[in-house]
Amino acid sequence: MVNQFKIGLMGTLLSIGINTIVDAAENKTTDAIEYRQAAFEVLAWNFGPMGAMVKGKIPFDAKTFAERAANVAFLSKMPLEGFIPGSEQGETDAKPIIWQEWDDFKAKMGQLQEKSAKLAEVAKTATKVEEVANQFGETAKVCKGCHEKYRED
Ligand code: HEC
């Protein structure tokens, strides 16, 4: 009697345990996808106005530009963490090839960090849009290059 009860209880605990693990894994993937998409959204929010200044759509404002550039340099460190294994499945535009070419993908994220750090540096002392335009272009190229290869359009 006692043994049967124990076995029954063990079975129940085991099935609860497995379901919890499966749920946790699904949640983890969804959370990671949402995290990286949010990180990119915040990044783009800061990147956009710099682009508008470089293109002459809005007047160049050195202080705002420098703040945005510093934000982007900081934020560029964040999305990579969200590309966890298994997260090619779900509500995502990330291509599965990312995980097959992980070193290259990671290197492109590294390039974004490098170029945006340089942009933030240049922007600190810039007084004219001409002084930041080139480095802004270098940074934007990294966004584009990665999206072409690793993101669904
Ligand atoms: C190393 C690769 C890489 C770099 C560099 C990169 N991105 Fe992305 N980006 C991605 C991938 C992959 C996705 C798709 C993420 C997903 O849907 O899970 C994405 C998605 C986005 C999104 C959409 C987010 C959403 O809500 O779905 C925006 C906006 C974005 N990136 C902006 C940028 C900007 C701006 C830059 C440059 C400053 C940049 N990205 C640089 C790989 C990159």
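Placement of Cβ uses the backbone N, Cα and C atoms for every residue, glycine included.
All annotation found in TrEMBL is predicted automatically rather than curated by experts.
Just so it is clear, the model here is predicted, and its values are computed rather than measured.
Feature list (source: TrEMBL):
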BINDING   Cys143, Cys146, His147  heme c binding site
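What surrounds the heme c site, by Cβ distance within 8 Å of the Cβ centroid and not counting Cys143, Cys146, His147, is the set Lys108, Val142, Lys144, Gly145, Glu148, Tyr150, Arg151 from the same chain.
All protein chains considered, the CB of His147 (heme c binding site) has 14 other CB atoms within 10 Å. DSSP gives Cys146 (heme c binding site) a helix state.
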